[in-house]
Amino acid sequence: MAYPLQLGLQDATSPVMEELIQFHDHTLMIALLVSTMVFYTILTSVTTKLTNKNMLDSQGIETIWTIAPALILILIAMPSLRVLYMMDEVNNPHLTVKTIGHQWYWSYEYTDYKNLEFDSYMIPTQDLIPRQFRLFDTDHRMVVPTDSPVRMLITADDVIHSTAVPTLGVKMDAIPGRLNQTTFVVSHPGVFYGQCSEICGANHSFMPITVEAIPLIHFEDWSTSMLAKI
Amino acid sequence: MSEAINEKIKNYSTAPFDARFPNTNQTRNCYQNYLDFHRCNKVLSAKDHDVTACEWYKRVYKSLCPIGWVDKWDEQVENGSFPGKI
């Protein structure tokens, strides 16, 4: 999960996020190399004592510094498009969860079999117990089975919200009257956090998303117990 | 034919990929299945056929559509104020 002074991306918990991290590292490395080279070139140009008042043009270097950036851009575009299309692949989901944004909480609906629906409010800071994370933990979590393609359908009840879980590589806008679809697979069990990512009023910063991934054999027990409770 | 559909309904886990709605926006997928369920019911009951095949559309729209939307549309259908063509 996120931690103070974090610079990089959170560790991946889904195959897609692993690919996105690799692409990000690849592109950032190219950006750093280019920036270093440019900085060095400027620095040496500005501090040199050499002068040549007769240099007008040079076909050679102009050709090189046109072709080289084009090749670099191709080197970036290829993995970019590969990951983009990978994210769009058809995968037959095992489960559908609906996420509905409200001011200022999320509600989740699991209606493939019975009608399981519940709200998920942030735990107020004064009510936290020692193991809980401030501004992240919620009273009810969105529970999903591990290693199963999950379809998430997102909408909102009032204003625009956005659901995001960085470690899963998920971010999708919640728009009233529209049903947005995203899919993900959780690689290993755990609890994963995200926050509302579209300004939605006074408590926009206080409506987090908590996803809990458990093995499939336990998932049915959870949904049965939730149906009994709610 | 109806055995095939009943078999599909029995083995239902969640709404499968529908090539008519390949993109992110699934609003129409939900709405279309809701319409198709009611149309299927209307047509089959008019001819006194078995309506269990229509159950497929119901399972799909129940999976996809938010409960609030379904409740609102059900109320409109009951009132006769549902805007869609059934």
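Yeah, the Cβs are placed from backbone N, Cα and C, and that goes for glycine too.
In TrEMBL, the cysteine linked to B:Cys40 by a disulfide bond, out of B:Cys54, B:Cys65, is B:Cys54. B:Cys40 (disulfide bond) has a Cβ environment of 19 other Cβ atoms inside 10 Å. Closeness to chain A is evaluated for the disulfide-bonded residues B:Cys30, B:Cys40, B:Cys54 by Cβ distance, with values under 8 Å counted; counted residues in sequence order are B:Cys30. Sequence-distant contacts (6 or more apart, same chain, Cβ under 8 Å) of B:Cys30 (disulfide bond) comprise B:Tyr61, B:Leu64, B:Cys65, B:Pro66, B:Trp69. If you draw a 10 Å sphere around the CB of B:Cys65 (disulfide bond), it holds 26 other CB atoms from the protein chains shown. Secondary structure at B:Cys65 (disulfide bond), as computed by DSSP, is coil.
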